[in-house]
Amino acid sequence: MSRMRVGLIFGGKSAEHDVSVQSAFHVLQRLDAGRFDPRLVYVDPRGRWHTGRPAMQPTSSSELLRMACDASQSASAILDQVDVVFPLIHGTLGEDGSLQGLLRMAGLPFVGSPVLASALAMDKDFSKRLLRAAGIAVAPFVCLRRGVAADFDALAAELGLPMFVKPANQGSSVGIAKVDTREAFAAALATAFEYDHKVLVEAAIVGREIECAVLGNDDPRASVCGEVIVHDDFYAYDTKYLRADGAELAIPAAIGEPASARIRQLAVDAYEVLECQGLARVDFFLKPDGEPVLNEVNTLPGFTQVSMYPKLWEATGLAYGELITRLIELALERHQRDGALRATPEPR
């Protein structure tokens, strides 16, 4: 029986390029070689597509890149060589619905959420509006657009100090800053607008950082909760990926069963509000009074050596390799279900 060809698409033009390479490296290590034939699909920072077929397991992310760059081909030519796709491009163009739309047009099953859910979850402005309308608590925020004057005093009066400034469409804490002065706010706003045309200014929520993994299509389930114990001022990009002493993960989170059960249910609720499929990591703040506040829904969480999503499922009883297999199975199940839908009207 021939193995299914799985395209691992990674890299990309986003600010999270290096994180994506690390995710692909670790997914390749855990992919069931008996069932799946991995095909590396690397998108370089200029947007050029490269492909390669690993003859052996790479021992580092740099070796992975060398294997993936055997040939530079068009996206359509590369996609013709795979049966299912595991997108691992984090951030802009990778998890915002752009890549998902391309894969859908190509008729390929792919891991993760479809176009709409990907776009909604990536845009923190729209996702928070929808979640708030559904009765899920989110931090108070104001969305600013490029070219519109921002009134620091008015924002401080509405949201309080300190405030967080973040691009509306970025992940991994890229471009985020915590500010409590007019000067810091102006600098943070300038940085955030380097990444997006929309910027969120959010009230700072005092609380523990709790994360929950969700898995499934029409009947999603939640993992145990985990806690990110941050030793820096907040969970910034450097803390996540560049400094081993910046934070530690506690799995399961020591928050008690009532709080854990409530967060797990809210994670599934948010997943369904945004119509996610396949997987997502849902992040919360747990306030001192025990009230959870949803921070964000990440439809393509990291799979690096420090990433919470696979660790949460391992703690729940689903090993990393089994998780990868299940995600591919979910992609195939959804593709088969969607394929049964009528694409054109009946002739009159």
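A Cβ is built for glycine as well, from the same backbone N, Cα and C atoms used for every other residue.
Computed from a predicted structure; not experimentally measured.
Lifted from TrEMBL, the feature list:
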- GLU16: active site (ACT_SITE)
- SER172: active site (ACT_SITE)
- SER307: active site (ACT_SITE)
- LYS124, 164-166, 172-173, 202-209, 295-296: ATP binding site (BINDING)
- GLU296, ASN298: Mg(2+) 2 binding site (BINDING)
- 128-329: domain 'ATP-grasp' (DOMAIN)
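Of the listed binding-site residues LYS124, ARG208, the Cβ environment within 10 Å is emptiest of other Cβ atoms at ARG208. It is VAL206, among the binding-site residues VAL165, ALA204, VAL206, whose Cβ has the fewest other Cβ atoms within 10 Å in the structure shown.
Across the structure, GLU202 (ATP binding site) and GLU296 (Mg(2+) 2 binding site) are spaced 12 Å apart at their Cα atoms. Among the recorded positions GLU16, VAL165, ALA204, VAL206, ARG208, SER307, no residue is found with its Cα located within 10 Å of the Cα of GLU296 (Mg(2+) 2 binding site).
For the domain 'ATP-grasp' (128-329), the model's average pLDDT works out to 94. Looking only at the binding-site residues VAL206, ARG208, ASN295, the one with its C-alpha closest to GLU16 (active site) is ASN295.
In this structure the alpha carbons, written CA, of ASN298 (Mg(2+) 2 binding site) and SER307 (active site) are 12 Å apart. Note: the CA-CA distance between ARG208 (ATP binding site) and SER307 (active site) rounds to 18 Å. Secondary structure at SER307 (active site), as computed by DSSP, is coil. With respect to their backbone Cα atoms, ASN295 (ATP binding site) and SER307 (active site) stand 17 Å from each other. Rounded to a whole value, the Cα-Cα separation of LYS124 (ATP binding site) and SER307 (active site) is 21 Å. Recorded residues VAL206 (ATP binding site) and SER307 (active site) have their alpha carbons 23 Å apart, per Cα-Cα distance. Residue pair VAL165 (ATP binding site) / SER307 (active site) shows a Cα separation of 24 Å. Distance noted between the C-alpha atoms of SER307 (active site) and ALA204 (ATP binding site) is 24 Å. Look at the Cβ of each of the recorded positions ASN298, SER307 and count the other Cβ atoms within 10 Å; the largest number goes with ASN298.
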